[in-house]
Amino acid sequence: MPSITVRRLYQENQQKLNLTWVAGTGGSDNVIGNDDQRPTLALVGHLNFIHPNRVQVLGLAEVDYLNKLEQSAAKTALDQLFHKSMSVVMVANGQPVPRLLRDYCHSHNVPLMCSTLESPYLMDVLRIYLARALAVSTVLHGVFLDVFEIGVLIMGDSAMGKSELALELISRGHGMVADDAVELYRIGPDTLEGRCPPLLRDFLEVRGLGILNIRTIFGETAVRPKKVLKLIIHLVKANDQAMQALDRLNIQSETQDIIGVTVRKVVLPVAAGRNLAVLVEAAVRNYILQLRGIDSTREFIERHTNFLRDQENAPDID
């Protein structure tokens with residue numbers, strides 16, 4: 001299962017959450033991860049002595065409760081708490097950290113952090129961050145683009161012209177997310193977010209031209225940091241076998257399953273003289289119309305059916 005360390009959580013959220021590392025630096029490699037019994041949303045929560053969260057957050061009420069406990073009762077409660085598995089403790093609302101809590105975090109190598117943010121907002125941000133950081137992921141070969149604000153993944157065998165097609169679409173004003181290796185993360189039950197590996201960011205490899213820096217050539221608006229995948233364009237060679245298997249009316253929409261998420265798929269035969277960039281734009285426009293309930297294929301079938309019915313019911317003229 002995916003996991004991250006407390007060090008990474010701190011580094012990526014220090015400024016956003018106004019975090020200060022107070023104690024327990026020896027636990028910087030403590031792991032935060034999912035398991036079958038504890039989904040992502042249950043990893044973060046207010047102080048819980050019975051079923052501690054991986055990320056324990058202390059708000060106004062929790063700190064006030066600890067401060068009001070007698071020394072012996074506080075030690076008993078913290079002994080019970082630190083006997084369980086925790087990754088990090090955070091004190092919210094800019095409150096002073098109870099001395100006893102600081103000592104326990106230091107002795108048990110549990111990172112203790114402070115934030116000036118209110119505890120409900122702090123937990124919301126952490127849950128969203130962990131949902132993305134711990135998302136199930138996979139890597140697919142292709143080019144991921146933003147076409148008319150729709151995330152489009154162009155796939156196909158090697159030397160099918162994916163990069164050339166992407167370059168043409170970028171020159172038409174669309175944006176690139178990733179080339180060659182597309183990282184897909186399941187950030188929701190039916191949502192896949194595509195990103196680019198840091199090493200390949202901004203680069204597009206085109207045969208004959210080499211590696212191009214899209215951001216430098218076309219400007220900042222030509223690249224996107226991430227995009228939700230909505231449509232797959234699969235390029236195939238336009239041979240007799242492929243053309244025979246192709247549904248020309250496209251009555252039954254094709255789909256592809258990616259880590260448990262079903263994504264709409266369009267198969268485009270590649271042949272000399274076909275303007276693939278125009279075809280991709282048309283496929284995306286058609287997809288947008290279908291989202292609005294407008295299906296050109298079904299409209300044509302209904303019109304054809306009505307025409308045949310009218311012909312059958314027309315009176316014979318002798």
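The backbone N, Cα and C atoms fix where each Cβ goes, glycine too.
Per Swiss-Prot, active site is recorded for H141 (among others), and the stated evidence type is sequence analysis. Cβ neighbour count for H141 (active site): 14 (other Cβ atoms within 10 Å of its Cβ, all protein chains included).
Within 10 Å of the C-beta of S158 (ATP binding site) there are 6 other C-beta atoms, taking all protein chains into account. According to Swiss-Prot, the ATP binding site annotation covers G156, D157, S158, A159, M160, G161, K162, S163, on the basis of sequence analysis.
The feature active site is assigned by Swiss-Prot to K162 (among others). Of all Cβ atoms in the shown protein chains, 24 besides its own fall within 10 Å of the Cβ of K162 (ATP binding site).
Within the same chain, residues at least 6 positions away in sequence whose Cβ sits under 8 Å from that of D180 (active site, proton acceptor) are H141, G142, V143, L200, E205. Classification of D180 (active site, proton acceptor) by DSSP places it within a strand. Here Swiss-Prot flags D180 as active site, proton acceptor.
Annotation comment: Swiss-Prot describes R248 (among others) as active site.
Taken residue by residue, the region 'Important for the catalytic mechanism of dephosphorylation' (269-274) breaks down under DSSP into 0 helix, 2 strand, 4 coil. Swiss-Prot lists 269-274 with the feature region 'Important for the catalytic mechanism of dephosphorylation'.
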Winner by Cβ contact number (other Cβ atoms within 10 Å) across the binding-site residues G156, G161: G156
Position of peak Cβ density within 10 Å, selected from the binding-site residues A159, M160: M160
Segment confidence, the region 'Important for the catalytic mechanism of dephosphorylation' (269-274), expressed as mean pLDDT: 79
Neighbours of G156, D157, S158, A159, M160, G161, K162, S163 excl. site residues, C-beta within 8 Å of centre, ATP: L235
Other C-beta atoms that fall within 10 angstroms of the C-beta of S163 (ATP binding site): 19
